[in-house]
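Record features, source TrEMBL:
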- Cys82, Cys87, Cys122, Cys126: [2Fe-2S] cluster binding site (BINDING)
Amino acid sequence: MDNPAAPAASAPEELVRRHAKSGASLIAVLHAIQDEAGFIPPETVAPLARAMNLSRAEVHGVITYYHHFRTRPAARVTVQLCRAESCRSMGTEALAQHIEARTGCRFDAEHGPDLGLESVYCLGQCALSPAMMINDTLYAKVTPQKFDALIDAACAKQKEPA
Ligand code: FES
């Protein structure tokens, strides 16, 4: 039964309560929180550590180790460029330079609400390098010209009324 005198649970604590189930791995819980919230609010670290019997440093360490996890909301258009070996051998660094020049943004830097550039390390498309994701869509054999068309389309789509 609810105690009316008790303070309401904060959103981060609610996220943890919903996802930190007994027997679940920390990685699985972090994925579930990010899937729901769009990122992992830093305020979830302490309740998550308590719920999973870990230290806050352990939880923070996992969040910051994996590039997939975000600690703040993603930009409306997020470009994730693979910079692992196969893609590097197929010109991803030159593509990254083109993308930065074209967008005026830098990879893995603080971003505004409209566009974010993130480095990732293998998207499972090594035979079709270089690979990238724009929001949730995977693209392969990306050239500078193909990127220009893709980013124009992605930005235009974000401006369409819902
Ligand atoms: S190395 Fe880029 S997709 Fe695997």
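Even glycines carry a Cβ here, placed using N, Cα and C.
When secondary structure is read from DSSP and collapsed to three states, Cys82 ([2Fe-2S] cluster binding site) falls in the strand class. In the three-state DSSP assignment, the secondary structure recorded for Cys122 ([2Fe-2S] cluster binding site) is coil. The binding-site residues examined here are Cys82, Cys87, Cys126; by Cβ neighbour count within 10 Å, the least packed of them is Cys126.
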